[in-house]
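Novice: Have a look at this one before I ask anything.
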There are 4 protein chains.
Amino acid sequence: MAGNTLGTLFAVTNFGESHGPAIGCVIDGCPPGMALAESDIQPELDRRRPGSSAFVTQRQEADRVEILSGVYQGQTTGTPICLLIRNTDQRSKDYSDIAQAFRPGHADYAYYRKYGIRDPRGGGRSSARLTAPTVAAGAVARKWLRERHGTQFQGCMTQLGELPIAFESWDYVAQNPFFAPVADTAALENYMRALRKSGDSCGARLRVTARNMPAGLGEPLYDRLDADIAHAMMGLNAVKGVEIGDGFACVTQKGSEHGDAMFPGEAGRPRFASNHAGGILGGISTGQDLEVSVAIKPTSSILIPRPSINTAGEAVELITKGRHDPCVGIRATPILEALLALVVMDHAMHQQARATA
Amino acid sequence: MAGNTLGTLFAVTNFGESHGPAIGCVIDGCPPGMALAESDIQPELDRRRPGSSAFVTQRQEADRVEILSGVYQGQTTGTPICLLIRNTDQRSKDYSDIAQAFRPGHADYAYYRKYGIRDPRGGGRSSARLTAPTVAAGAVARKWLRERHGTQFQGCMTQLGELPIAFESWDYVAQNPFFAPVADTAALENYMRALRKSGDSCGARLRVTARNMPAGLGEPLYDRLDADIAHAMMGLNAVKGVEIGDGFACVTQKGSEHGDAMFPGEAGRPRFASNHAGGILGGISTGQDLEVSVAIKPTSSILIPRPSINTAGEAVELITKGRHDPCVGIRATPILEALLALVVMDHAMHQQARATA
Amino acid sequence: MAGNTLGTLFAVTNFGESHGPAIGCVIDGCPPGMALAESDIQPELDRRRPGSSAFVTQRQEADRVEILSGVYQGQTTGTPICLLIRNTDQRSKDYSDIAQAFRPGHADYAYYRKYGIRDPRGGGRSSARLTAPTVAAGAVARKWLRERHGTQFQGCMTQLGELPIAFESWDYVAQNPFFAPVADTAALENYMRALRKSGDSCGARLRVTARNMPAGLGEPLYDRLDADIAHAMMGLNAVKGVEIGDGFACVTQKGSEHGDAMFPGEAGRPRFASNHAGGILGGISTGQDLEVSVAIKPTSSILIPRPSINTAGEAVELITKGRHDPCVGIRATPILEALLALVVMDHAMHQQARATA
Amino acid sequence: MAGNTLGTLFAVTNFGESHGPAIGCVIDGCPPGMALAESDIQPELDRRRPGSSAFVTQRQEADRVEILSGVYQGQTTGTPICLLIRNTDQRSKDYSDIAQAFRPGHADYAYYRKYGIRDPRGGGRSSARLTAPTVAAGAVARKWLRERHGTQFQGCMTQLGELPIAFESWDYVAQNPFFAPVADTAALENYMRALRKSGDSCGARLRVTARNMPAGLGEPLYDRLDADIAHAMMGLNAVKGVEIGDGFACVTQKGSEHGDAMFPGEAGRPRFASNHAGGILGGISTGQDLEVSVAIKPTSSILIPRPSINTAGEAVELITKGRHDPCVGIRATPILEALLALVVMDHAMHQQARATA
C-alpha cells in the first residue's frame, strides 16, 4: 500500500494539506443502495470543527463537505464516493519561521528526512486538519453499521493532562467542548485557561466504545480486529498508546480475574459477567461492547522557546506562534469514533464476504 | 486482505494449527542475493521454543525449520521463501473437554461465532504456537536489516504480574528464561512457582527496541510506522495494550517536557536530548531508537474452575488441563523483536521504492 | 481491493461519473522532489479530449485539470496528489430513454445486476469519460519515467473497422485525429462518414509501445509485467483482446522462429535480433521495447434500433440518441499510453524496493 | 503486493522451484464449513501431470498433494489452507549447460537482470511446474463455486500449431491427451511426432469457459472481471494473448452486429440472442457463459541450436537438452480452468462483501 488508504473493502484514501486548496477522501467499496446526503456527514464534521470554543485552535473553517461522486438521487451507487472539503482560512505567513527549522516533538524533522521536501504551511500533510476527511468517511460507515446492525459508536475524554475525569454519564458528552462525560467542566476550563496562559500544551486520555457489535469480526492472525483498531488509533496524530479492554491493567491481573465468565443468556448467546476483554477475544469480536482507550501526547507547537536545529544543522531556538490546539485531545473524540467505525465496517464486509449461509 | 499476511512488500503469510501436521509461513518479497540458511533462523526459534524451562509449557517441540524454497546455493533468489516447521508433540486427547465449551477469556467462543467450526486441539489456529513462523520470518528480516543498516532489535520483560523489573543491563536478558534485564531472577522464579501452585496465570509487560534505525520510515497518514507497529504488536496473542515512547505517560506531560529537544550533532544530524517520542514523529522514524511497550494479559487456560457455557448454550464449569504457559509473556520477547523487525523491514522497502536519489 | 485503484506503490484511485459535478483521481505514492504542474498534465488530457474532430463525440469538455494536493512550490512532496476535472457539459435529458432499459452490448444490464441501482446519465460510472483521470495520472508517471529512465510511451491505431492501417511513421500520429501512423487519412475519414450516416459503430485495433525500458520489471508469478499490462488494458472500456509481442500469431510459430536470438551488444548487454516477445520474457522486462496490441469493440450506443428488455423484464426496442463516439478506438491511443506508463511505473517502484545495490 | 499472490479475498500465495524440495501454495480466505479432502484436489493435478503421454515432458512426478492446514475433520475451518507437493524427480545435471547462458525466448535473461541470481535447475521458479499449486488451489475454488452457484469450468484446445481444431463436443476433451474437443486426434498426434523429430516446438490456442455464472461479478473500473481474467491468463507461462468473447474479431464487427440482443427470458432475466461479449459487459458478469481464449507461444527449450550470449556477454550457441514439453499448450487446459475459477471465486466473495440484501 502507498500509505494513505485505510481499509481494504471499505477503503478510504485521504488527500490534502492544511493550507492547500482542499482536503478530502475517496471511499471505495461503499455498498450500494444506502440513502446518503451531505447532511448525513456534516454533523460529524461540525463536532470536530476548529474554532468552536476558547480551548481549541481559532482557525475558522466551515468544513463544508461536498459529495462529488458515488451518490445518485440520494442513494449510494456502489461506486467511489469522493468527499471534498475546501480550505478557506489559510494564513501561511504564520508559518514562515519554521520553514527551515524543526519543532521539537513535531513531524517537521521526520518529514524532512523522509521526503527531502515538506510543505510547512500549517504543518502541511502532518496537520490534524487531515482528520476531517477521516471523520467524513466515518460518518458514512457509521450510517451503514447503524442501519444494518444497530451499532453505535461513542467516545469521551477520561483525563485532561493531570486531571482524571470520572465517568458520570454519556448524556453530558455533547454538552461541553471537551467531550467530557461530566456535568461540571469548570475544573477542565480552569486547567485549560492556566495552560494557555503558560504557553504550554498538555496530553489527554480518551475512551471510545462500540455498542451492538456484530460478533465474529476480525481475522485471527495478524489482521485481528484489535490489531486493526490499534493500527487506526495509533495512526492518528499525537496518539502514543492504545489499549483494548483493560489494557495495561491486565499486567497485574490474574487469569481467574481477567477472563470474562459466561452464563447462559438470551437466544443461546452468553451473558458475560464482565468485559475485561473489551469485546475482543483471539482478535475476533464476541458481540460485547468494544472498549478502547488512547493516550494523546501534548501538542508540540507551543509558545515556550525550545532548543532545536535547522536544515543547515545549526542550533536555533524555536517558538511556535500561530493558531494551535493546546490539547489536541479535546477535539479527538469524533475522530476516534470515526476510526473505530471505519475498522468495524471493513471487518464487517470481510466477514460478509466469507459468510457461508 | 484475507488476514493472515503481515506486510505488503516483505509479505509474510502464516499457516497452520497447533496440532496439525505442520506450521509455517511464506515470505514473499525478500530481496535477492542475501546469504541465508536454516542456521540463520534456528537460533531465534530456539529462544522462543516451548519446554525450555520450568516456567513455560512442557510441550516438547524441536521447532526445526526447513527452507523449502527461495534459496539457491545458500543465497536468497528473490522468490518466495517457504519456511516449514513440523509439529511433533501433539496430544489431542488433552483438549477433548473443551471441544464443545468455551473457556472464559479464550478465543474459543469468538472462533465459534466467526466460523461456526473450530479446531479445538491445542487451541487450533489461536494457539501461541503460531508465533513460531513469525519468529522465523523475523529472523530473515533481522538479518537483512542488520547487514544493510546495522539495525538491531532487542526486547526484555519489564514487569511480571505484580513484580516490576528494574532495568539493569541488556547483558542479563539472555541469561535467564524470563528475558529479564536483571542479574538475580530468584524473585521471578518464586513468583512463578507460587502461581503454578495456585493453578492461576498472570500478565506481563514487555519492552522492545530497535537501534541504528534508518530515518524516514513510515507513511504519514494511516500507515504510519507507529500504526503498523501497533498493528503488529496488538495482533499478537494476549496483547491488550501498546505504547510508543512514553505512551500513556504522555497524558500527564506538558509539551515543553515531552518534545525531545534537538542540538547539532554529527554529520548534520541532530543530537536528541531525550527520547520521549520513542523514535517516531508524525508517524515517521527519526533515526532515534524505537521504544515500544506492550501489555500481555494472563493466560485464559487455567486450573481454577470457571463458569461458562457450551455450544448448546448451557451453563458449564471449566477447568483447562493440559500443557499451558502460566504467563505467555515469558516467551514473548523474541516474538516482539521479530514483529518489530518485520514492520521495519516492510517500511524500509517502501522507503526504498520511493527514493529519488 | 475495492476495485477502483490501479497499482499498489504508485496507486491511482479513480472517482466520478459522467454527469456528476466532477471526476478525478488520487495518486498515492508518487516519489517526492519531481517538478510538477498542471501544464505537465493538460497536454495529455487535450489529446484525449472529446469534441476535437467530426469523428468523435460532440460533447464539449475543456477537461481542465486542477492539482488539489501533493505539490508544493512546483514540486511533488511525496504525499497524495489529487487531480480534479470538473464536468461542464452535461445534458442529462439525453439519457432519459435508457434509464429503465438496457442497451444491448452496454454495461447497463450488468450494473443493474451488480448494484440494483445505476446512474444512467451519460453511462454514469461506465462512461469512457472516466478514462480522463487515468490519462492525467499517466502523465505524472510518464514524466517520472522519462526523467529517470528516458522511457517513452507511444501508441497508434493499426486498424479501423475493416480498414487495416499500414505503419508508415510515428511522425504522422500527431497529425490526424485517428492517431494513425499514416500521411493520408482520407480513407479513414470516408469510412467514418459512411459509418456515421449508417448510424452504426465500429471496432478498432491499436498498438502501444514503450522505448528505453528498464530491464528487470515484473514479478515472475501472477503479478508479471505482461499480466499487469493485460489487466490494465482489458480494464479499459470496450477492450476485448490484448496481445504482448506477437500475441496470437505465436500460435502458428515454431520455437526456432519465435525465440529472439541474442548477440553480444554494448556494455555487456545483448543485441536482440528480433522482438517477438514484445519486451517481456518470463513476465519480466528484458530492456527491449514493450509491444502491446488491443482489440476494441464497436460502441454499443448506436442509432440502429435493437431488441432488448427493460427493468420489468419486458421486451423493448432501443435507439441510443445523444452524443457518442462511433468508434471509441479513435480517442483511445493516449489512454493506452497512460495505462502502459502506470503499469511500468508501479513495477519500476517495486523493483527499486527490492534492489540490493 | 510482493507478486506471488493471486486474489485478495480468496488469496493464493504460490511458492517453490522446479527442483527444490517442494512446491505449494497457501490459500488464505477460503470460507469455512466446506467439505474438503486431498481427493477433491488430486484429480485436477492428475489432469495436469507431466509424463502422462508421449507428447509432453517425460519427467515423472506423482504430484501428490498434502493438506497441511485449514481443514479439520474433513471441513474447511476458514483458516489458511497450505497445500504441499513434494518434488521427486529432479535431475539437476540436465541443466548445467544453461546455468551461465541465456536461452533465446526463455526467462533466463530476464531473471538474471532482475535478481542478479537465478536457480537454473529446471527453470527454477520460471518452470511451468509452478502451475501445479495453481491447479490445486483452483480445485478448492471450483468446489465452492460448484456447490454454491453450480458454476462449471471447462476448457479445450482449439488450435495446435498450424492445425485448427474444429469443436465437435466437450465429451471428447477428457478422452485424449490434447484436451481436444474432437473424436479423432490422429492428425494432432502426427503433428506432434513430426515436431518432436525436428527438435522444435510449437504454439497453441486454447479456450476456457464458465457456465452457470453468477451475474454482477467484477468492479467496473480497473479491477473488472475481464481485467482480472486477463491478468490471470497472461500471468501464466508462455501466454502472449488473451481474448474475452469475440476478442480480436470485434475489430471488424459493427455495433449492430456485436451487441448481444436481449429478449424476455425466465424469471425476469433476459434471454441473450448471442454471446459476442463472452459473458462480461462493462467489466461485470451478465450471467451468460464466460468465454476466454488464449494464445500460447512455442516453448523456448528446443534441440535446435540458437545463437545467444552468456553472463560474460560472450556469444554462445545453445541447445536445450533435458525433458521439455514441445508444446506447453497441451497440458494447459486444466491450468486455465483453475485460473478462471480463482478469478471468479475472488470476485464472488467481493460481491458478497457488498451485498445489501
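Heads up, the Cβ atoms here are built off N, Cα and C, so glycines get one too.
Model, not experiment: these values are computed from the prediction.
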Novice: Looking at TrEMBL, C:R125, C:S126, C:S127, C:N237, C:A238, C:G282, C:K297, C:P298, C:T299, C:S300, C:S301 are annotated for FMN. Which of C:R142, C:R146, C:R148, C:R323 sits in that same site?
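Specialist: Only hit among C:R142, C:R146, C:R148, C:R323 in TrEMBL's FMN site, alongside C:R125, C:S126, C:S127, C:N237, C:A238, C:G282, C:K297, C:P298, C:T299, C:S300, C:S301: C:R323.
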Novice: Tell me the Cβ contacts of C:A238 (FMN binding site) under 8 Å, same chain only and six or more apart in sequence, or just say none.
Specialist: C:A128, C:I296, C:K297, C:T299, C:V328, C:G329, C:A332
Novice: Within a 10 Å radius of its Cβ, which of these binding-site residues (C:S127, C:T299, C:S301) has the fewest neighbouring Cβ atoms?
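Specialist: Fewest other Cβ atoms within 10 Å, among the binding-site residues C:S127, C:T299, C:S301, is found for C:S127.
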Novice: What does DSSP assign C:K297 (FMN binding site), in three states?
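Specialist: Where C:K297 (FMN binding site) sits, the three-state DSSP reduction gives coil.
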Novice: Could you check which of the binding-site residues (C:R125, C:S127, C:S301) sits closest to C:R48 (NADP(+) binding site), going Cα to Cα?
Specialist: C:S127
Novice: Around C:R125 (FMN binding site), which residues of its chain at least 6 apart sit with Cβ under 8 Å of its Cβ?
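Specialist: Spatial neighbours, sequence-distant, of C:R125 (FMN binding site): C:G16, C:E17, C:S18, C:Y111, C:R118, C:D119.
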Novice: Among the binding-site residues C:R48, C:R125, C:S127, C:K297, C:S301, which sit with their Cβ under 8 Å from a Cβ of chain A?
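Specialist: Listed in sequence order, the binding-site residues near chain A are C:R125.
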Novice: Please give the FMN site's span as the largest CA-CA distance among C:R125, C:S126, C:S127, C:N237, C:A238, C:G282, C:K297, C:P298, C:T299, C:S300, C:S301, C:R323, to the nearest whole angstrom.
Specialist: 44
Novice: Could you tell me which of these binding-site residues, C:R48, C:K297, has the fewest other Cβ atoms within 10 Å of its Cβ?
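Specialist: Ranked by other Cβ atoms within 10 Å, the binding-site residues C:R48, C:K297 bottom out at C:R48.
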Novice: If proximity means a C-beta under 8 angstroms from chain D, which of C:R48, C:R125, C:S127, C:K297, C:T299 count? These are the binding-site residues.
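Specialist: Qualifying residues, whose Cβ lies under 8 Å from chain D: C:R125, C:K297, C:T299.
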